[in-house]
């Protein structure tokens, strides 16, 4: 009886919670090991953490301007599509669906499973099959919630954002207390140049940027934001500053309590920290960290489903995925599509290999999106933007992103080559399917081996089964 469309339910508080909840997740609890391993010393690892925070702020400000210039949801995809054209947009979508997003979700899910089980098996490591089973159960719970209600998934994100900040506080406070008492032995000789390996630095930045990743999440739900012109820049600036301060203090606390070898040997750094510094909380902090990862999974599903929704609406993905549940008003098909690939990657993957695998593609396309901002400014000087950043910010961010991506071929050629192949495999798909348009409008073209009437038949049957229809009102 009422119009079916995605409602504007993301307020400033919920936008802030979405950003905090997406940034503060598994990264700060698993990435310190990757940053330290590839930077070589405590001092250089702290420099990497700060530079990654600064880069994230540059990227977040650039995306905030893109969000005020381009009024559609869809994040990286819609920005690349609108500024650089349909081919780069589809290549991002292809890589995002088959590599970036499932690998990212698998990393966060595995961190959730590991921290959830760690208190029950300490001092031994949790069995790998049990970790993977709990990881999948957590992911399926979040998937179900996002299929059920936008409001409840947003409320959960707000609640878990508070849990995340509490988890960081429980690490920061005892670490700062020990530091104030003069426990600086682990910070002596922090800048040991002999251990610095320059060709591994891109991998250190990948690990650090993974921990900060999430500053772009409001761009995925732009059409569902209340007063986006005001709330996007405000939420981005406050949340990124909060996370930079929190991450720097957390890392200093880690190194105050744990030595270099302790961090490198630990499969769960936060658990090792609590075992050493605050044994009374040994069963509390891992659970808080697991809930933090749970919130990151929730934010990831919430936002990526909007990418598929928008891509379908733009004609670069099957039309079923631009449909909305008639009662729940959630993009149900887009939410459900990811679970087979995530399940496979959780079952066969390792956290650090997955991290390098998807980071190449992610930062390549984020760099292209901010390049698109520069192009859009040049092509459309008449477009009024209520929020505008100095040009050197997107230029600097784009150059650093693309340089890091290029350097990573020397650091981890196997995983990076796999990621590059995944991106390039989208070329024939684009020219065989998307480029061959039936009219001047974007349409989903079926392969000649799959007759259109069969595609329409299956789409109709799935539409009836899932109780979904096309959006009735434009929100952009």
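Using N, Cα and C of the backbone, Cβ positions are placed for all residues, glycine too.
Where the annotation comes from TrEMBL, it is an automatic prediction and has not been curated.
What TrEMBL records for 12-30 (among others) is transmembrane segment.
Annotation source TrEMBL lists transmembrane segment at 42-64 (among others).
Residues annotated as transmembrane segment in TrEMBL: 76-100 (among others).
Within the chain, the transmembrane segment (120-142) has long-range Cβ neighbours (under 8 A, six or more residues past its boundaries) at 105-106, 109-110, 112-114, 153, 267, 271, 275, 282, 290, 293-294, 297-298, 301, 339, 342-343, 346-347. Marked as transmembrane segment by TrEMBL: 120-142 (among others).
Annotation comment: TrEMBL describes 162-183 (among others) as transmembrane segment.
Annotated transmembrane segment per TrEMBL: 203-221 (among others), in sequence order.
What TrEMBL records for 233-257 (among others) is transmembrane segment. Sequence-distant contacts of the transmembrane segment (233-257) (same chain, at least 6 residues past either end, Cβ-Cβ under 8 Å): 12, 15-16, 18-20, 23-24, 28, 32, 42, 45-46, 49-50, 53-54, 56-57, 60-61, 63-64, 68, 165, 168, 171-172, 174-176, 178-179, 183-184, 186-187, 211-212, 215, 218, 263, 269, 273, 276-277, 387.
Annotation comment: TrEMBL describes 277-297 (among others) as transmembrane segment.
What TrEMBL lists as transmembrane segment is 332-354 (among others).
Packing against the transmembrane segment (360-377) from elsewhere in the chain are residues 59, 62-63, 65-66, 69-70, 76, 79-80, 82-84, 88, 91-92, 95-96, 99-100, 104, 206, 209, 213, 216, 383, 391, 394-395, 397-398, 401-402, 404-405, 408, 415-416, 419-420, 422-423: each is 6 or more residues past its ends and has a CB under 8 Å from a CB in it. Per TrEMBL, transmembrane segment is recorded for 360-377 (among others).
Annotated transmembrane segment per TrEMBL: 389-410 (among others), in sequence order.
For 416-434 (among others), the entry in TrEMBL reads transmembrane segment.
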>> Counting a contact as 3 or more Cβ pairs under 8 Å, with residues at least 6 apart in sequence, do the transmembrane segment (12-30) and the transmembrane segment (162-183) touch?
In response: yes
>> Under 8 Å for C-beta pairs, could you tell me which stretch among 162-183, 203-221, 389-410 has the largest tally with the transmembrane segment (76-100)?
In response: 203-221
> Given the transmembrane segment (203-221), which of the listed stretches 162-183, 389-410, 416-434 has the most Cβ pairs that are under 8 Å apart from it?
Replying inline: 389-410
>> Are there residues at least six beyond either end of the transmembrane segment (42-64) with Cβ under 8 Å to its Cβ atoms? List them, or say none.
In response: 32, 35-36, 79, 186-187, 190-192, 196, 201, 204-205, 208-209, 211-213, 215-216, 219, 232-233, 236-237, 240-241, 243-244, 247-248, 251-252, 255, 260, 366, 369-370, 373, 387, 389, 393-394, 396-397, 400-401
